[in-house]
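I have placed the structure first, in the form of structure tokens, so that the comments after it can refer back to it.
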Ligand code: SAH
């Protein structure tokens with residue numbers, strides 16, 4: 001791994017950056033499309049496999065560049081079909097990525113950082129602190145790993161193995177702006193994964209300057225982690241709120257929507273914590289707050305982790321909450337808890353491998369997947 005550190009990893013290059021790369025080595029721009037297709041649709045891990053590229057160029061590429069995805073350390077299946085991969089990154093840290101099949105959809109939950117600096121009180125990722133940003137290659141590499149785990153064949157649009165991507169894994173995506181935007185552009189690039197912008201969702205805790213900047217460069221779907229109907233409570237749950245209070249965040253997400261050509265709404269995420277934010281008065285306050293705001297509401301039962309100090313809301317409280325918000329004309333859904341038997345549910349991703357002896361017994365080695373990616 002480390003011997004190739006000076007080579008440029010083509011896996012994470014957006015189309016425009018790939019074109020710049022080819023120009024920088026004195027080659028024609030159209031090579032970018034060719035190579036992007038090979039890497040992301042062909043799933044190749046070496047230049048030798050690129051049969052429509054001349055031998056001379058392949059040799060040149062191998063000298064200066066590489067195609068390298070994070071290494072799969074292990075993966076696990078939940079009894080509900082959810083899959084989780086733990087990926088080792090350069091430098092030794094690791095991240096987790098989760099695939100959630102549901103009917104004819106399969107949603108991949110992708111991480112953007114190792115750890116997180118925001119320290120939301122109910123999130124286990126925040127408790128581990130911040131380690132580092134992921135590179136674009138490490139972000140798109142998660143999608144590659146998930147797709148190639150089904151077999152190293154060229155993708156056909158009618159048999160997608162991953163239909164949706166949500167940046168709801170570890171980290172705050174807007175705190176790792178450029179790599180996240182580059183990776184998302186590959187997710188949507190026709191010559192790569194070709195997902196529609198409605199099927200790529202970035203979730204943020206409400207970093208206002210990041211939301212504004214995002215609106216200038218893309219129009220992916222946006223989810224906002226709100227979790228509270230007023231600033232006092234939100235300050236406690238999401239410390240970032242002290243810097244960017246609710247009204248400012250809502251205003252920035254509205255600005256974001258105004259950049260989108262088609263009609264969109266913001267997904268409001270609301271983690272339901274027993275006795276903390278799940279009472280009928282919270283629901284009523286939320287209805288008042290979000291009246292006239294273009295959104296749909298997704299209630300997420302809190303997923304417990306050791307020493308969180310919180311409990312999951314009772315299902316009766318979640319149902320009651322939903323009744324009130326629905327009556328208040330907010331389209332409301334309850335997120336089914338998936339993958340919690342393998343610690344793959346929201347807020348349970350921590351990406352550490354060494355202190356989890358209890359679970360290590362269950363991990364299935366994935367030698368095949370690693371070789372299939374050619375990394
Ligand atoms: N930083 C981004 C993306 C990561 S969190 C954000 O805040 O949106 C992805 C979603 O999982 C967020 O809505 C987050 O609040 C939620 N979440 C975090 N911890 C959780 C937990 N313990 N139980 C349920 N949902 C949780």
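Cβ coordinates come from backbone N, Cα and C, glycine included.
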Candidate from 149, 185, 203 that TrEMBL assigns to the same S-adenosyl-L-methionine site as 171, 172, 225, 226, 227, 303: 203
By Cα-Cα distance, the member of recorded positions 96, 116, 123 nearest residue 225 (S-adenosyl-L-methionine binding site): 123
Recorded positions close to ligand 1 - of 109, 123, 203, 225, 226, 303, only those whose C-beta is under 6 Å away: 123, 203, 225, 303
Residue 123 ([4Fe-4S] cluster binding site) as reference: those recorded positions from 96, 109, 172, 203, 227, 303 with C-alpha within 10 Å of it: 303
Long-range Cβ environment of residue 116 ([4Fe-4S] cluster binding site), under 8 Å and at least 6 residues apart: 123, 125, 126, 128, 129, 130, 170, 171, 172
